[in-house]
Amino acid sequence: MSENQESLAKLGHENRLFPPSAEFIAQANAQASMYDEAEKDRLAFWEKQAHELQWDAPWTTVLDWKVPFAKWFVGGKINASVNALDRHVAQGRGDRVAFFFEGEPGDTRTITYAQLLTEVKKTANALTELGIKDGDRVAIYMPMIPEAAIAMLACARIGAPHSVVFGGFSADALLSRIQDADAKLVITADGGYRKGAPFALKPAVDDALKGKTNVKNVLVVKRTGQETHWDSNKDVWWHDIVDRQSTEHVAQSFDSEHPLFILYTSGTTAKPKGISHTTGGYLTQVAYTHKMVFDIKPETDVYWCTADVGWVTGHSYVVYGPLINGATQVMYEGTPDTPHKGRIFELIAKYKVSILYTAPTLIRTWMKWGDEFPNAHNLKSLRLLGSVGEPINPEAWMWYREVIGGDRCPIVDTWWQTETGAIMISPLPGVTHTKPGSAMRPLPGISGKVVDDNGKEVGLGHGGYLILDKPWPSMLRGIWGEEERYKETYWSRFDGVYFAGDGAKIDTDAAIWLLGRVDDVMNVSGHRISTTEVESALVSHAAVAEAAVVGAADEMTGQGIVAFVILRGGIPNVCGEELIKELRAHVAKEIGAIAKPRQIVVVQELPKTRSGKIMRRLLKDVAENRAVGDSTTLADPNVMALISQGLSTAKDED
Ligand code: WTA
């Protein structure tokens, strides 16, 4: 608990309070009465939210709960793609824009709900032609282009769970995810655009498929037109097979508990966890939260969530939530500084974006770049701002409010996880008085608490661990193929309640402040990476005997990865810089560029207790340039002095 207490001590007293404006209150979707309503009869409350969706058959039981296994809306039948698309077209909203797509090079596409439905139907037919049936897993490895959403919705339409793998992951990472889910098909693109240049994706798929898999086909979208290696036994161009399909496709109904997707996320071991989500409960909660937290008015709002579909935020708040609510969205392929640092602001002005949902790391980057970039564009269309992925520091929150939101937009700081599927803790705009840096309180229908080491609720003004003590509709149903790990990871720390892995403080007004992970999971630019994952990548390099990795506070990225390595006997650290470069590249190859350590320090020894446990807390002190804390339990008390002296750094240049 010591790191958590340190963060608690750092958290100053935040007294600023921002009540919603009268104007916002007058038009808000959410009402304060929802808290009481949900409190009185939680299941009736969720049932009411589920009725907002189109069901093909009603459920018989709202919740079947045998700790830790939940089934929601049992017996109900539903199709995710019908709820996202067909329903709008059938009700006369086919001409509404679903996506304003902007490619990084400046190419644009405007896609209406009717057009999106046609594309999804054709793609569903193509998947069927490729032999994909309900229950088959499909891996999706794509740039941020409309076909990524189309592929997901087509899978959902035919009941084939998708497993989206972020396009920044390496071939090795892709292979392990393909193998774990036993995917039959991979959907990818020749490449995409990033930082002003095309990058390739297909070669990583080719590399991955050199491993043993049951993948029969690779479906490839032509995005960049770059030279692409082709195996005509396996590879199929999207335009060759999708374009000639019928535009008719009658969606089947699936059980409420039919698996919708698997999404891999880092845990405390090297092996990522395949977080499994099902259909009815997930859709209910993403639609409800999207409507209430973002106050969406689908007829007039232009909504932009900047997340990639490779992360859960892209699943819940680009694909399923907004489309179910009939929202008009902006989708952008590239990086925020291409071709200039005002790109995002230029797009907000161009499309008159009214709701922006992004991550603290980007907000801090904008702060560093300077106010002149947002100030050069008309951002008056914005009326609500959201934040997700990591704690937002009060300073960044204030900047977001003042410079981006012109002091008039409420900010929703939304806490949730891949595992929770949808937002759990957040202000309700038009209801909640917000404090800079606090996610405030659990949403109506959600029960979360801050508890101490023994699982006892801490009093107001105290810190501890965040837990969720009642099941919620969009909760994970398990870890793919690993039932024991599911119980062990989430349900064993405190008996019968979900342990989120985050430290939190509840202040004297009962507002919740998230304090970051308390386990071995790092949060780098809002992306979860486990220390063990990076350590095992490092020791898989021939030069490394042992490695210890810590997440050190980083002004820009939240946390930065700092690795301490012991070289194998006989490997001289002569060409230090060279070797460190090589090790960083090696981690990028094993996991992906997002996991490259910011610093690698070659050491002679690692600080260990007498029982051989590495004391990461001490390494973190070094990495954060602090005086090293209590090291009396070290087997060799001199180790830390040596490590501190030997701190030589190789900074990330890319
Ligand atoms: C962190 C992203 C503070 C937290 C949706 C959580 C946050 C992990 C917030 C999940 C927030 C996410 N304030 N911390 N508003 N949102 N986190 O699975 O540590 O990629 O456990 O889901 O991100 O990350 P994941």
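Placed from the backbone N, Cα and C atoms, the Cβ positions cover glycine too.
Copied over from TrEMBL, here are the features:
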BINDING   R194, K195, G196, A197, T313, S525  CoA binding site
BINDING   G389, E390, P391, D413, T414, W415, W416, Q417, T418, D502, R517, R528  ATP binding site
BINDING   V539, H541, V544  Mg(2+) binding site
DOMAIN    33-84  domain 'Acetyl-coenzyme A synthetase N-terminal'
DOMAIN    88-480  domain 'AMP-dependent synthetase/ligase'
DOMAIN    533-613  domain 'AMP-binding enzyme C-terminal'
MOD_RES   K613  N6-acetyllysine
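Everything TrEMBL records as a feature, shown here on the structure.
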residue: R194; record: CoA binding site; CB count, 10 Å: 17
residue: A197; record: CoA binding site; CB count, 10 Å: 11
residue: T313; record: CoA binding site; CB count, 10 Å: 25
residue: G389; record: ATP binding site; CB count, 10 Å: 23
residue: T414; record: ATP binding site; CB count, 10 Å: 24
residue: T418; record: ATP binding site; CB count, 10 Å: 19
residue: R517; record: ATP binding site; CB count, 10 Å: 21
residue: S525; record: CoA binding site; CB count, 10 Å: 20
residue: V539; record: Mg(2+) binding site; CB count, 10 Å: 17
residue: H541; record: Mg(2+) binding site; CB count, 10 Å: 19
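Rounded to a whole value, the Cα-Cα separation of A197 (CoA binding site) and V544 (Mg(2+) binding site) is 34 Å. In terms of DSSP secondary structure, the domain 'AMP-binding enzyme C-terminal' (533-613) contains 25 helix, 28 strand, 28 coil. The binding-site residues in question are G196, P391, and the one with the fewest Cβ neighbours inside 10 Å is G196.
Ligand 1 lies within reach of T313, G389, T414 from the binding-site residues G196, T313, G389, T414, judged by a C-beta closer than 6 angstroms to any of its atoms. Taken together, the residues of the domain 'AMP-dependent synthetase/ligase' (88-480) have an average pLDDT of 97. Rounded to the nearest whole angstrom, the C-alpha distance between P391 (ATP binding site) and S525 (CoA binding site) is 11. Shown in sequence order, A537, L538, S540, A542, A543, A545, A547, V565, L583, H586 are the same-chain residues outside V539, H541, V544 whose Cβ sits within 8 Å of the Cβ centre of the Mg(2+) site.
When the Cα atoms are compared, T414 (ATP binding site) and V539 (Mg(2+) binding site) turn out to be 36 Å apart. Taken through DSSP, the domain 'Acetyl-coenzyme A synthetase N-terminal' (33-84) splits into 22 helix, 15 strand, 15 coil. If you compare Cα positions, S525 (CoA binding site) sits closest to G389 out of the binding-site residues G389, R517, V539, H541, V544. Within the same chain, residues at least 6 positions away in sequence whose Cβ sits under 8 Å from that of K195 (CoA binding site) are G334, T335, D337, T338. Taking the binding-site residues W416, V544 in turn and counting surrounding C-beta atoms within 10 angstroms, the largest count is reached at W416. In this structure the alpha carbons, written CA, of G389 (ATP binding site) and V539 (Mg(2+) binding site) are 29 Å apart. There are 11 other Cβ atoms within 10 Å of the Cβ belonging to K613 (N6-acetyllysine). V544 (Mg(2+) binding site) sits 18 Å from the residue listed as 'N6-acetyllysine', counting Cα to Cα.
In this structure, the CA atom of the residue listed as 'N6-acetyllysine' is 31 Å away from the CA atom of W416 (ATP binding site). Of all the binding-site residues in the list W416, T418, R517, H541, the shortest Cα-Cα distance to R194 (CoA binding site) is found for T418.
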